[in-house]
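**Student:** In case it's useful when we look at the structure, here is the feature table from TrEMBL:
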type	residues	note
DOMAIN	B:24-89	domain 'RNA polymerase sigma-70 region 2'
DOMAIN	B:129-180	domain 'RNA polymerase sigma factor 70 region 4 type 2'
Amino acid sequence: MDKCPNIVRYIHEYLDGDISREHELELKAHLANCEKCQQHMHELNKVTAFIQSASHITAPSGFVKGVNARMPKETSRAGMKR
Amino acid sequence: MDALVNKRIKEVLKGDQNAFTEIVELYQDKLYRVCYRMLGNKHEAEDIAQEAFVRAFINIHTFDTNRKFSTWLYRIGTNLCIDRIRKKKPDYFLDAEVAGTESLNMYSQVASKEELPEDVVLKMEMQERVQYEITRLPDKYRAVIVLKYMEDLPLQEISEILEMPLGTVKTRIHRGREALRKQLSKM
């Protein structure tokens, strides 16, 4: 894999959906013959799946109230220009 | 949503503070989530996300309504998170969440750079583990990874939020992914 630095770059371009047709063809041809790069790509795919498995969280109840409590007072609008 | 938000912003600019509350309601989950993913601590995430909304309110006159409001809001939030990460004192958490019983406390009480013993990491629940690995990322990679993979934002928008060239965003995402790959190689 140390001999395939461009390929690792292409793998990342591919993962970003940002790869040119040329690079994609080169990547595919290379992957067919290089187990190390295949493995590298597999591991990066696992990383993406892992991160995306994080559950969607929501703001705690009382969040909006908390913001309102921290707002500058209506009477002293020092910071707010209009 | 942007048309509605712009309408509310105009009302805020005319002095109607309640219109801002509606904006907070619309964006609270998005902003809280980003802060939580970046900081790895619920207490801090709430604090920073609320602070971001207050700053957005104070500076609302500087917002250009031709742009996307969420981009501007995310910028305020991520900047505050990055500041907090950099200034973080190692003992901050110790008194911050003593009362909490959240499962995240165990590791959010250690500095993010500090590694936990491997057997502790392996015993973590999946959700805990995801957050733990993100918090271990250097902060310059953490922001791009959170925005891309947890908020699913386009690279161009991430570049606007973080005010850095698109090329830098790409490089950081690549390096962030490689860093995570190494971190996860023990899995």
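Placed from the backbone N, Cα and C atoms, the Cβ positions cover glycine too.
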**Student:** Across the domain 'RNA polymerase sigma factor 70 region 4 type 2' (B:129-180), what does the mean pLDDT come to, as a whole number?
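**Tutor:** Averaged over the domain 'RNA polymerase sigma factor 70 region 4 type 2' (B:129-180), the predicted model reaches a pLDDT of 95.
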**Student:** Going by DSSP assignments with H, G and I as helix and E and B as strand, what are the residue counts for the domain 'RNA polymerase sigma-70 region 2' (B:24-89)?
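**Tutor:** Secondary-structure breakdown of the domain 'RNA polymerase sigma-70 region 2' (B:24-89): 55 helix, 0 strand, 11 coil.
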**Student:** Please count the residues of the domain 'RNA polymerase sigma factor 70 region 4 type 2' (B:129-180) that DSSP assigns to helix (H, G, I), strand (E, B) and coil.
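**Tutor:** Going by DSSP assignments, the domain 'RNA polymerase sigma factor 70 region 4 type 2' (B:129-180) contains 42 helix, 0 strand, 10 coil.
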